[in-house]
Amino acid sequence: MSKTATCESVLGLPVLKKADVEDLRSVFLKYATVEKDGEHYMTPRDFVIKYLGIEKEDADQTTLNLLAGVVDETKDGLISFVEFQAFESLLCSPDALYLLAFQLFDSNGNGYVSYDEFKSVMSQTRIHQHIPFDWEGEFCKMYFGWDKKKDLSYAEFTQLLQSLAYEHARVAFRVRDKNKNGFITALDFSDIMITVRKHMLTPFVEENLVSLVGGKQVSFPYFTGLNHLLSSMELVKKIYRQVAGHNPKAEITREEFLIAAQKVSQVTPLEVDILFHLCDLINPTGRITYEAIERIAPLEEGTLPYEMVEAQRRKEGPQENRGVLVQFAESAYRFLLGGIAGGCGATAVYPIDLVKTRLQNQRSGSYVGELMYKNSFDCFRKVIRHEGFFGLYSGLVPQLMGVAPEKAIKLTMNDFMRDKFTTKGGEIPLYGEIIAGGTVNDLVRDKFTNKKREIALPAEMLAGGCGGMCQVMFTNPLEIVKIRLQVAGEIQSGPRVSALNVCRELGFAGLYKGASACFLRDIPFSAIYFPVYAHGKKYLADEDGHVSIPSLLIAATIAGAPAASLVTPADVIKTRLQVKEREGFTAYKGLFDCARKIWAEEGGKAFWKGAPARMFRSCPQFGVTLMVYEVLQRTFYIDFGGRRPEGSEVKKAPSIMDLPPPNPDHIGGYRLAVATFAGIERKFGLALPKFTPSEIIQAQVKKEVEVSLETSQFTKEVAQNATAMFDWSGMSFDTKRKFDSITNIGSAALQNQTKLERLTNVQAEMRRIYSTARVCETVGGQEQCMVFEPDLTRELASGRDYDRLQFIWDGWRASVGPPLRPLYQEFVTLSNEAAAANGFSDTGASWRSWYEVDTFERDLENIYEELKPLYLNLHAYVRRKLRDTYGSRVSLTDPIPAHLLGNMWSQQWNNIFDLVEPYPSKPGGIDVTPKMVELNYNATRMFRVSEEFFTSLGLGAMPDSFWEKSMIVRPTDGREVVCYASAWDFNKDRDFRIKQCTDVTMEDLLTVHHEMGHIQYYIQYADQPLIYRGGANPGFHEAVGDVLALSVATPKHLNQIGLLDEVTEDPDADINFLMATALEKIAFLPFGYLIDQWRWRVFDGSVGPDNYNAEWWRLRTKYQGIKPPSTRDETLFDPGCKFHIPNNTPYIRYFVSFVIQFQFHEALCREAGHTGPLHTCDIYRSTAAGDKLKAMLQMGTSRPWPEAMEAITGQRSMTASSLLKYFKPLTDWLKQKNWENREKLGWDAETWQDAKDPATSFAPALQATLPVMLLASMAAILFRC
C-alpha cells in the first residue's frame, strides 16, 4: 500500500484512508528512541519535534507534554505503537479537530473535562498569559456549575470551545475599559484582537486594525460588530453573490448590499458599515468587490493557515522547475488536442467559409463566365445548383491539413504565453493577453500565469497575439491553396484545379504570397479573440469557478464576433492577394498597393465585403473548436505539473489534502496531523507557549555573554597589536585618531579574564531582571500581571486616577529596583577598573572623552542655565493645570508628584496634553492620523513618504536591500518580536535596516522619519573607513533624526503632502502646537541632563552605595521639580528602573541631541531661505539645505565634532539660542499666564523629603483658613466698637 494517504468519497466528502499497519509500524520504529521490556516507545520530544515537526528543539517542555498527552492515553509519559495507531484513527475522523482539542484538555484520560483541567491548560496558553481569563466569571459558572464541580462530556465541551474565544475577548474588553464608559483605546482594541482573536484575522485585517478605527476609541458595540462580522463572512459572500450574480468583479454599493442583507437578520447595519470601511482601506471607492471580501474573510473550514499553505506548496516545487522534456510533452499533448479540435471546427463551418471566400473575391463589374452573387444566401444557393452539395466542401482536405495544425499552434502557444505572462500577484496584464493570442496562445499563457493561476488582461492580449503570429508561418501556404480551390468553381468553363497543380504553379515563394496581410489579419484576430473568450468564461462561470460545456460554447462563439468582424479589411486584402489573377482584374503588387487600389476603385465598403459571412463562419468555428479543445483536455487530462484549463475545476481554498505532507513519513491519517494541531490555534485560538519566558531569557543571556566575550577578546588583541607593533610619534592626525579609537576598548581592557567574564555576566543579569519584571495585582481572586510595554506605559499615559497611577509607579520600582541594587554596585567597581585600564580615572571620564572638549561639563551646565527659565515657566503652568485636575494633592509651591505626568520617569509630558492644552477649542497638537486612515496609508507608504522627504533634499534613496530586509510591520507568521523602533547598520554591502511594528498614526509617522534619519546618516558615511562610521559625537545621530521631524510636524509640511487640508494662521493654534512640542522637548531637558550627572558622581565615588537613592531624588527634585508619591529609602534602587541604567547606555547624548537639533534646524532653515518664526519652517524640497546636511553627515567621526558642527551651522559649540528662538512665542505666553495667575516659579523644597503632602501639611491649611480668620477678627473689632 502507498505510504501517502488516498481519498475516498463519502457523500461527496473526502475521507482519508488509514495507512497500512506495517508501513505505520516502520514509521513508528524510525522515530521511537526508548526501548523497555522489548517494546519501543516515543517520548514527547520524539513525537512532537522529530516526527510532527511542529515545535523547535528548544520548545517548552510543558507544551511538549501537553501536545504528546493527546496520544499518550495511559499518561505514563511515553507513546506506544498501539497509542500511535489509535491516534491515526482519530485523525481520520470527520471531527478530528474537536477530538484533538478535547483530548488536550482531558489530561487524566477519563473522557471528561473538569474545571481544574480546563483552567490548567488554558493557563498555559499565550493568550491567557497576555490577557488573563476570568475564572470567576459567569462563563465558567454556567458551564462548570457555580461550585465548578460539573465535568463536561465531549459534546458539551465542543460547545464551550465554540464560544470560548469570543468570551475571552469580551472579558478583555471589560478589563481594558479603565474608565468603565464602554470604550477602549485603539491600541487596546488592536492588542485584544491580535491576542485573543488572531485566528479570525487575515494579514490585511490584522495590519489595518488601528487604521480601521482611525486611532480613536472603540465602543463595545463596534467591537462586537467587528467580531460578529468576521464570524459571518461566508454569509457576507452569499449576500454579495446574490446581488452581483455571476460577475465576480461587480462593485456593490452600500445601499445595494444593505437591501440584500436585510433579508437575513444576521448582518446588522453597523456590521455593513464596518465591512465597507475595511473594503475602502483596500480601494476607496465606497463599493465592495468579491476580491476585497476575500482579503477580509477568515480561512474557511478545511483550509490551512496562510503560512502553512505556502510552506507546503514549496515542497511541491514551483512550476518553473519542471524539466524541458515535461514542458515539451505538455505542448505536444496540447498540440494534438488542438489539431483534433481545429479539424472538428473547420469541418462544421467549411461551407460558410467557402461562401465567404467567393464573396470577398467578387469584383465590381463582370467577367466572362463569372457567377455573380447578390449575397451570402444567393452564393450558397448557386454553389449547390451548379456544383452540387459537395461543392460546398471544395478544398476541404487541404483546409483540414492546414486548419488542424493552425489551430493546434494557435491554442498551444496562447496557453503557453498566458502562463508566462501571469504575474506573482495573480493576474496577466493586458499586453500579455494580446501577445499570447498573436503568437501561440497556450504556450504563452503558461509563461505569464502566476502562482495563483491567474492572468491579467494586458498579458492575455499579449498571449493571444502570439498565437496568431506563430500560426501564419505554417498556415499561409495551405490558406492560399484553399482559396485557389474555393474560387475555381466560379468559372464554369475553367480547367479542373487540384491542390498539387496550385503548389506547382506558385512555387515555394508563391505559397507565402499575401503573408503580410495574413499577419495583419491573424495577429489582431487572436489578440482580440482569446482575451474576450477568457473573460467570457469567467463571467459565465458558476460561483465555484466551474464553466459548463454549454457555457464554453457560448463564450467561444460570442468571442468570435468582434474578432472576426474587426479584422475583415485585412481578410479582404489577403484574399485579393492570394487568388489567381485573371484577365480584366486589377493586379496588386503588395499589401499597401492592394489597399490603395480597393479604396480607389470600390470605395471603403469593399473592405467589409463578406463580413457577415466571416462572422457566421468564425463564430461557430471557434465556438466548436474551443469547446472541443477544452472538453478533450478535461476528458483526457494528463497532469504535467502545469496549469489546468480555466473553469475546468471548482475553485476552492487551499485544502489539507491538496498539498503534499510536510514529512513523507506522515502517512494515512498522519497526513493531516500538522494541520489538525495548527487548527487548534486557528479555530479555537488556543496558542500554547513555544518557550517558557525563563528559557528564552536564559538562552538569550547565555548567547549575549558568549558573543560579548568573543568580541572583547578580538578588540583586546587588536589594541595590543596597535600598541606593540606601531610607533605613534610620527603619525598624522588622521592615523593617530584611528589608533586612539582602536585602543580605547572599554571593558575589554580588563586584564583579569575572570573579572571580565563577571562584568559581562553582571550586565547581562541586570538586563534580564529589567526585561522580565512584572507588576501583579489580584483581580476577582485571580492574579494578573502586567509587563512594562504595553501594559504599564499605556496605563500611565491614559490613566487619570491618582491612586491607580501611584500603584503602577510604585509597583514597577518595587519589582525592578531591589534585585538590581547589589548588582549595580558590583558593576560600578568592575567598570571603573576597565576604565582605568584604558587610562581614565573612572567610567564617567571615559564617557566624557567621546566629546573631545575639556570644558564639556561646564558647557552643559551653562546650556542648562540658559534653558532653566523656560522650563520653570512650563513647570509652573503644568503644575497649576494638574492642581485643577487632582485638587489639593498637587501643591502650587512644591514639586509635582512624579506619577502624574503621563510617563514612568516623568521625562516627557506629552501624554497629559489633554489636561494642559492652552486653547481646547482651537486646533491642538496636530494629529493627522484620521487623514492617514482616510487616504489608506500603510506602513510601506509611511516609509516611502519619509524616503521622498530625503530625496527631495537631494539625499540618497534607500537601497533595494532596505525594503527587502527591514521589518516595518509586526510579523503575522507567529513570531514574537520586540517592536521598539530601531535602525541598524550591518556595516557590510550597504545593508541598512529598520525594525519597527508600524501603526498608521502620526506619532509613528514622525518615528519613521526619525529612524530613517539614522539610515540616511549610515548611507552618507558608508564610504568612510569602518572606524569612522558613526555620529560626530554620540548626540549627533539622535539629533539628525529629530531635526527632520521638526519639519515634518509643521502644518505647512503636512499640507504639502496632503495630510492637512488647510493651514490657518492662528496665534492660539500656534501656542497649542508649541505647547505639545514643549511637553516632549522642553520637559525632557532636565531629565536628560541629570541621569548622567548622577552616574558620573557614582563612578567618581562622590556618591556611594549608601546614598544611591537619596542622590537620585535630590537631583530629580533640584532639576525637574518632581517628587516621589511615596516614601523612598536605600532598600530601593529607583535609578535602575530606567532602562539605560542597567543597560549601561550613556544618556547625556539625548540632552545634547535635544539642544543641537534646534541649531541644525535653524541653520538648515536659513539655507532653505525660510522667513518667519522658526517653528513654522519646513526644509522639504530644499536641495541647498540638503547639501549642507549631506556635508556634515558624510564626515562621520573622521573629524572632531566641533568641525562637523561648524560644517552645518557655522558655529563650533553647542548653544541653546536656537531652541529658545523656536519656543519664544510659547515662552512669552507662559510668562504672561503665570504672571496673571501669580504662579510661583520653582519650588520651595530642596529635596523630596522637604515637600510635604499638601493634604496634611499645616502651611496649606493655614493659607486656606487665613482669610476666614482675618474676617472673624475684623467682625469682632467692629462688634466691640
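Any Cβ shown, glycine's included, is placed from N, Cα and C.
Within the set C1137, C1177, TrEMBL assigns C1177 as the partner of C1165, by disulphide bond. For C785, the cysteine that TrEMBL lists as its disulphide partner among C619, C776 is C776. Sequence-ordered, the extra residues of this chain that approach the Zn(2+) 1 site, with Cβ no more than 8 Å from the Cβ center of H1010, H1014, E1038, are A983, E1011, G1013, H1037, A1039, V1040, G1041, D1042. Spacing of C785 (disulfide bond) relative to E1038 (Zn(2+) 2 binding site) is 34 Å (Cα to Cα, whole number). Helix, strand and coil counts under DSSP for the domain 'EF-hand' (93-128) come to 21 helix, 1 strand, 14 coil. A sphere of 10 angstroms centred on the C-beta of C785 (disulfide bond) encloses 14 other C-beta atoms. With a cut-off of 8 Å between CB atoms and residues at least 6 apart in sequence, the same chain places L1046, S1047, T1050, H1161, C1165, A1168, H1170 near C1177 (disulfide bond), listed in sequence order. Only E1011, R1149, of the recorded positions C776, Y851, N938, C997, E1011, R1149, have a C-alpha within 10 angstroms of the C-alpha of E1038 (Zn(2+) 2 binding site). Put simply, H1010 (Zn(2+) 2 binding site) is 14 Å from C997 (disulfide bond) when counted between their Cα atoms. The average pLDDT computed for the domain 'EF-hand' (93-128) is 81. Helix first, then strand, then coil: DSSP counts for the domain 'EF-hand' (164-199) stand at 26 helix, 2 strand, 8 coil. Taking the C-alpha positions, the distance from Y851 (chloride binding site) to H1140 (active site, proton donor 2) comes to 19 Å. For H1014 (Zn(2+) 2 binding site), the same-chain residues 6+ apart in sequence whose C-beta sits under 8 angstroms from its C-beta are A983, H1037, V1040, G1041. Taking the Cα atom of each, C776 (disulfide bond) and H1010 (Zn(2+) 2 binding site) are about 34 angstrom apart.
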